[in-house]
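Student: Not my notes, these are from TrEMBL:
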- CYS35, CYS38, CYS41, CYS45: [4Fe-4S] cluster 1 binding site (BINDING)
- CYS67, CYS70, CYS73, CYS77: [4Fe-4S] cluster 2 binding site (BINDING)
- CYS139, CYS142, CYS145, CYS149: [4Fe-4S] cluster 3 binding site (BINDING)
- 26-55: domain '4Fe-4S ferredoxin-type' (DOMAIN)
- 56-87: domain '4Fe-4S ferredoxin-type' (DOMAIN)
- 130-159: domain '4Fe-4S ferredoxin-type' (DOMAIN)
Amino acid sequence: MVDLTKRRWFRPSKQPLMNPTLPWLRDPAQFLDECDRCGACVKVCENHIITLGSGGFPTVDFTQGECSFCYQCVKACPKPLFYSQQHTPWQAEITLTSNCLALRNVECRGCSDNCEYQAITFQLGIGRVAQPQVHNERCVGCGACIAPCPTQALSLELQAGITKPSDPHTHTITITECQ
Ligand code: SF4
Ligand code: SF4
Ligand code: SF4
C-alpha cells in the first residue's frame, strides 16, 4: 500500500500530511471544490474501502481493507479530479507507534505478514522478539498492514497531488520507538 516524485522533499518537514482521500487525486482543493459527492467511486471500489466521510466527501478507510489500485474509482468519477493511472497514486508515510507489540517484546508480525511489498520486515535479535524494520522505498501506501494490526499501532498518512509519471514510489515509512 502507494505518497503517491521526489516532491516529498519539497514538503516542509513540519507540514502535516493530509488524511487519505482517494488515490491519484490531483489537488485536494480542487477535490473539495468540484467533487459533488455523488458516491460513484464508493459503489465501484472492489475492496469496499471508500466511504463517504466528513461533509459527504469520499475517503479511503483502511480499517476496512486495502487499496488494490484497480483505478475503478477514478474511472467512475465524472469529474477531472485525478491523474492518469501511470502516475503514482499518492505519497505515503506510515508511522509505527509504541503500541507495537513487537516493540514491547511480544511476538507479532501481523503487519509484515500482510505487506506484499516487503516494506516492513522483521529482524531476529538476542534477548528480544524479532523487531520490525521499515523500508521506506518499498511502501506503496496500500494500507494492507493497517487492519491486521491487533493494537492499531500503525498510522498511514497520505498526501495527494504530489505525483508525476514514471517516478518510482517514494513513500516514506517512519518509525517511532517504544517509549
Ligand atoms: S507498509 Fe503497509 S501501506 Fe506500505 S506497502 Fe506495506 S502493507 Fe502497504
Ligand atoms: S483504486 Fe480500486 S481498490 Fe483502490 S480505492 Fe479505488 S476502487 Fe478501491
Ligand atoms: S465519483 Fe468523483 S464526484 Fe463522485 S463522489 Fe467520487 S470523487 Fe466525488
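Any Cβ shown, glycine's included, is placed from N, Cα and C.
Those TrEMBL annotations? Automatic predictions, nothing curated.
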Student: C-alpha of CYS145 ([4Fe-4S] cluster 3 binding site) to C-alpha of CYS73 ([4Fe-4S] cluster 2 binding site): distance in Å?
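Tutor: On Cα coordinates alone, these residues lie 21 Å apart.
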Student: Let me check the 10 A CB neighbour count of CYS149 ([4Fe-4S] cluster 3 binding site). How many other CB atoms are there?
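Tutor: The answer is 18.
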Student: Nearest to CYS67 ([4Fe-4S] cluster 2 binding site) by Cα distance: which of the binding-site residues CYS35, CYS142, CYS149 is it?
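Tutor: Comparing Cα positions, the candidate nearest CYS67 ([4Fe-4S] cluster 2 binding site) turns out to be CYS142.
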Student: Can you give me the average pLDDT across the domain '4Fe-4S ferredoxin-type' (130-159), rounded to a whole number?
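Tutor: 91, rounded to a whole number.
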Student: Whole-number Å distance between the CA of CYS45 ([4Fe-4S] cluster 1 binding site) and the CA of CYS73 ([4Fe-4S] cluster 2 binding site)?
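Tutor: The Cα atom of CYS45 ([4Fe-4S] cluster 1 binding site) is 6 Å away from the Cα atom of CYS73 ([4Fe-4S] cluster 2 binding site).
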Student: Taking ligand 2 as the reference, state which of the binding-site residues CYS35, CYS38, CYS73, CYS145 have a Cβ closer than 6 Å to one of its atoms.
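Tutor: The ones that qualify, in sequence order, are CYS73.
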Student: Among all the protein chains here, how many other CB atoms are within 10 A of the CB of CYS73 ([4Fe-4S] cluster 2 binding site)?
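Tutor: Taking every protein chain into account, the count is 25.
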Student: Which ones are near CYS77 ([4Fe-4S] cluster 2 binding site): of the binding-site residues CYS139, CYS142, CYS149, which have a Cα within 10 Å?
Tutor: none
Student: If you count other C-beta atoms within 10 angstroms, which of the binding-site residues CYS38, CYS77, CYS139 is the most crowded?
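Tutor: Answer returned by the neighbour count: CYS139.
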Student: DSSP helix, strand and coil counts for the domain '4Fe-4S ferredoxin-type' (26-55)?
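Tutor: Across the domain '4Fe-4S ferredoxin-type' (26-55), DSSP assigns the residues as follows: 14 helix, 3 strand, 13 coil.
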Student: Hey, which bits of the same chain come close to the domain '4Fe-4S ferredoxin-type' (26-55), Cβ under 8 Å, at least six residues off its ends?
Tutor: 18, 61-62, 64-68, 70, 72-83, 143, 160-161
